[in-house]
Ligand code: C5P
């Protein structure tokens, strides 16, 4: 028996890219990718309550940049609601609220997580029973990283990142996540990639060693295989990031990498205790100011409470 939902909360994870291979810019301005997404335990929660009207609110710590999130109809969650409603021919209704913990403009797909959470929450709230295939197609229209935020775990991303295929991952990987007080514009990092690498291949090469490392569960092997083509342009735009990576590695992390287009940096550690020790050492330096510990892989957007 179906029951009408009065309200629910959906949780969606941040992502990092364990591998980010970028090809030459396409005619539509997007870049072909071969990436390995990894969902980590840093989440935005989106609650949705039945209402005849539409509203969207947001709360989050200042240090993740939540003041910079657009509201007033300009949020990716508004677009997700409009797209899902149009797909089914229903009205856009509900009181939605995001509790943000994923850094804004941090290269961890926080906006994409919110969009994925909204698709899952509104599908339930409006009692639509959208198929997984349709949800993934709607997600792809919202942004390159949104389908992965639905799927979670560890997955290969191709196309412009929107074609997502889960991969074998036999590790529980521990990360130190170092935030930056200032965001970095994803389009600006891609534009600088084009300047630095005018001869980038049409199709980025495979990431076979990284996939084998994930399958092996060996953190040293994974550390050696991690790669990000956007790291060089991100370093050029933000030289402090190169120092930050060196700082984390000198504190004992197995490997540091810029997350996606940055400026968040992630550091792979051997275990939870090791990650907490590295995070503690970085915090003792008092610079950078915000250091978190998270593990992965974790689930994609999922319901955590029913109303
Ligand atoms: O797809 P999404 O909205 O997340 O992309 C944001 C911006 O990042 C795009 O407008 C584009 O400038 C850049 N991008 C890209 N190639 C991709 C993904 C994103 O150039 N594969």
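Count begins at 1; order follows the chain as displayed.
Glycine is no exception: its Cβ is also placed from the backbone N, Cα and C atoms.
These features come from TrEMBL:
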- 15: active site (ACT_SITE)
- 145: active site (ACT_SITE)
- 103, 104, 105, 106, 107, 108, 109, 110, 111, 112, 113: ATP binding site (BINDING)
- 75-153: domain 'GHMP kinase N-terminal' (DOMAIN)
- 211-282: domain 'GHMP kinase C-terminal' (DOMAIN)
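Positions of the features from TrEMBL, shown on the structure.
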residue	record	Cβ within 10 Å
15	active site	31
103	ATP binding site	27
105	ATP binding site	21
107	ATP binding site	28
109	ATP binding site	29
111	ATP binding site	23
113	ATP binding site	35
145	active site	28
Task: Spatial neighbours of residue 15 (active site), counting only the recorded positions 103, 105, 113, 145 and Cα distances within 10 Å - done: 113, 145
- [ ] With residue 145 (active site) as the reference Cα, tell me which of the binding-site residues 107, 109, 111 is the closest one.
- [x] 109
TODO: With DSSP as the reference, give the number of residues of the domain 'GHMP kinase C-terminal' (211-282) in helix, strand and coil.
DONE: 43 helix, 11 strand, 18 coil
Task: For the domain 'GHMP kinase C-terminal' (211-282), mean pLDDT (0 to 100) - done: 97
- [ ] Enumerate the residues of the same chain, 103, 104, 105, 106, 107, 108, 109, 110, 111, 112, 113 excluded, that satisfy the criterion Cβ within 8 A of the mean position of the Cβ atoms of the recorded ATP site; list them in sequence order.
- [x] 14, 102
Open item on the list: Counting by DSSP secondary structure, give me helix, strand and coil numbers for the domain 'GHMP kinase N-terminal' (75-153).
Closed with: 46 helix, 8 strand, 25 coil
